[in-house]
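Have a look at the structure below before the remarks.
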Amino acid sequence: RRHHPVTVMWDLPFLPFCALLGILGFVCVAFVSAWCQYWRGGFALDGSTKTFNWHPVLMVTGMVVLYGAAALVYRLPPAWTGPKLPWKLLHGVLALAAFTLAVLGLAAVFHFHNEQGTPNMYSLHSWLGLATVLLFSCQVGAARVPPTPKPPGPPAPHPLPSLQWLAGFSAFLLPWAPAWLRALYKPLHVFFGSTILMLSMASCLSGINEKLFFSLKNGTTEYKLLPPEAVFANTLGLLILLFGVLVLGALARPSWKRPDADSPDTRQVPALLWGH
């Protein structure tokens, strides 16, 4: 049977794809670190612009790279068999690390603004970024669990987004949590997980653009003249976008999802993902 060329290109084992994604994530962190070190003067904790430079590094590392890694934990073939608890812990640790870096990144920019007398929370970037972190705070501690049969009787109400953290905490740390709660919570967790990643990308791209507009104003370094710093930072934005799109693509690919326990293909799909 003939395959469309695009289908053939996308039909590759998960682990090589995951390795490529890991390299891309490392490149994103290296790029944002190099930008802040070489063009923006480095890092400090004295409230100067060097304090601000922690903000983009921590946000890209946490809200994009580590968050993307946490989202893909359950796509790893070893996570499809055996106890789920180690993989839930890994997912939770990566998510908590991402959230911690995001909070530190916010602390850096607020400290810089307060020391310089700059107003906080006036730009679209700041609104979008804070909304992303607040939404993420509702996800920390949550764990994805396989679907379970619904109990007889009327369906239970869906938990509200504001209760996501409580529901996720209960489903993750309390094995005796009701099956209906875990089954109802999983679609919310998956939906908001992908939404947060998209918001993180939008926040990073708008932040890079905003920083370039603020910093490249005079003479031969004007942004519209596309100096080397602008080319480098614009490239960083494209790398972040590519990383996020690939993560979302991996999450949406049906053959890379954990199969149901009663699926006849359960034992065959991991071999395909490993490339055997």
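Backbone N, Cα and C define each Cβ position, glycine as well.
Residues annotated as domain 'Cytochrome b561' in TrEMBL: 20-252.
Among the features that TrEMBL reports, transmembrane segment is placed at 14-36 (among others).
Among the features that TrEMBL reports, transmembrane segment is placed at 57-77 (among others). If you look at the transmembrane segment (57-77), the same-chain residues 6 or more away from its ends with a CB under 8 A from one of its CBs are 14-15, 18, 21-22, 25-26, 28-29, 32-33, 36, 43, 87, 90-91, 94-95, 97-102, 104-105, 108, 129, 132-133, 136, 144, 193-194, 196-197, 200-201, 203-204, 207, 240, 243-244, 247, 250-251, 256-258, 270, 273-274.
What TrEMBL lists as transmembrane segment is 89-112 (among others).
Among the features that TrEMBL reports, transmembrane segment is placed at 124-143 (among others).
The transmembrane segment annotation in TrEMBL covers 163-181 (among others).
Annotated transmembrane segment per TrEMBL: 188-208 (among others), in sequence order.
Residues of the same chain lying 6 or more positions beyond the ends of the transmembrane segment (231-252) and with a Cβ under 8 Å from any Cβ of it are 14, 17-18, 21, 24-25, 27-28, 31-32, 34-35, 39, 60, 64-65, 68, 71-72, 75, 194, 197-198, 200-201, 204-205, 208-209, 211-212. The transmembrane segment annotation in TrEMBL covers 231-252 (among others).
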